[in-house]
Amino acid sequence: MRIVLVGPPGAGKGTQAAFLAQNLSIPHISTGDLFRANISQQTELGKLAKSYMDEGNLVPDEVTIAMARDRMEQPDAANGFLLDGFPRNVSQAEALDQALKADGVELDAVLDLEVPEDEVVKRIAGRRICRNESSHVFHVTYSPPKKEGVCDACGGELYQRDDDSEETVRRRLEVYHTQTEPIIDYYRAQGLVVTISALGKVDDVTKRAMEALDRQVEGKDQSDEDKSDSEDGDDK
Ligand code: AP5
Ligand code: MG
């Protein structure tokens with residue numbers, strides 16, 4: 001399956017992506033995590049990305065699209081992937097469409113996580129993530145680690161992201177509304193969007209997401225069959 005996950009900062013995209021990717025046996029590809037890995041390795045790409053991320057702005061399309069494409073071309077993504085944080089504006093969505101078309105494949109669903117803004121702010125304020133590559137996500141109140149400051153999964157150090165300050169979060173939300181939300185309409189026109197509430201327990205949201213994805217994929221298969229039947233009919 002090829003899925004795009006969309007939702008405001010702090011909606012729980014990374015949290016849900018970890019479970020959904022495992023359930024669906026596809027890799028979780030997060031452009032935010034890829035940029036953060038570059039920052040911690042102090043690469044040129046990391047230095048460039050940091051200057052945009054610290055302000056809550058999008059990293060320029062040219063480097064972002066190249067990095068995402070490069071990751072999608074890895075062998076583990078040959079049969080599908082779950083994209084988290086990409087595409088993030090209409091030009092990135094168009095670039096993704098072109099790349100998929102060139103490979104003769106298409107997206108199966110765009111899962112839109114809906115969360116009220118006051119909840120997003122609470123989620124971001126308490127978020128702690130693991131410094132190691134796994135990027136496990138915790139919350140000081142909602143999903144605390146067993147030992148404070150230590151990742152349950154790998155023992156890595158937990159830290160608060162530089163872009164989780166109140167001012168930067170405000171800017172990230174503004175960027176989400178102006179630049180990212182338009183991709184929902186872009187994909188709605190392709191019949192790909194499923195919207196779910198991301199409120200409630202993490203497990204309940206995962207269950208809701210899996211059910212919504214199943215329904216979307218069944219509906220898409222049916223409409224592909226109908227299209228092919230009508231094309232056969234046209235030939236007669
Ligand atoms: P990115 O890393 O993608 O950040 P984001 O989209 O702002 O989203 P977040 O990671 O903040 O939130 P999330 O939805 O993953 O929530 P999480 O699961 O952690 O991007 C960062 C920056 O990189 C961008 O601003 C930009 O500069 C750059 N960038 C990235 N991609 C780009 C692109 N394509 N183009 C250009 N620039 C790009 O959960 C949040 C908290 O809530 C956690 O503490 C979690 O434990 C908790 N939580 C989760 N679910 C629940 C629940 N159900 N109940 C209670 N708490 C919950
Ligand atoms: Mg995330």
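Residue numbers in this text run from 1 along the chain shown.
Cβ coordinates are placed from backbone N, Cα and C, and glycine is handled just like the others.
The average pLDDT computed for the domain 'Guanylate kinase-like' (1-214) is 96. Taken from TrEMBL, the feature domain 'Guanylate kinase-like' applies to 1-214.
Per TrEMBL, the feature ATP binding site maps to GLY10, ALA11, GLY12, LYS13, GLY14, THR15, ARG127, VAL137, PHE138, GLY200. GLY14 (ATP binding site) is surrounded by 20 other CB atoms, counting those within 10 A of its CB over all protein chains shown.
The AMP binding site annotation in TrEMBL covers THR31, ARG36, ASN57, LEU58, VAL59, GLY85, PHE86, PRO87, ARG88, GLN92, ARG161, ARG172. Sequence-distant neighbours of ASN57 (AMP binding site): residues of the same chain at least 6 apart with a C-beta under 8 Å from its C-beta are ARG171, VAL175.
The region 'Disordered' annotation in TrEMBL covers 213-236.
The compositional bias 'Acidic residues' annotation in TrEMBL covers 223-236.
Comparing C-alpha positions, ARG161 (AMP binding site) sits nearest to ARG127 among the binding-site residues GLY12, GLY14, ARG127, PHE138. Cβ neighbour counts within 10 Å, taken over all protein chains shown, single out PHE138 as the most crowded of the binding-site residues VAL59, PHE138, ARG161. For THR31 (AMP binding site), the count of additional Cβ atoms within 10 Å of its Cβ stands at 22 [all protein chains shown]. Residue pair PHE138 (ATP binding site) / THR31 (AMP binding site) shows a Cα separation of 19 Å. Taking a Cβ distance under 6 Å to any atom of ligand 1 as the criterion, the binding-site residues GLY10, VAL59, ARG161 reduce to GLY10, VAL59.
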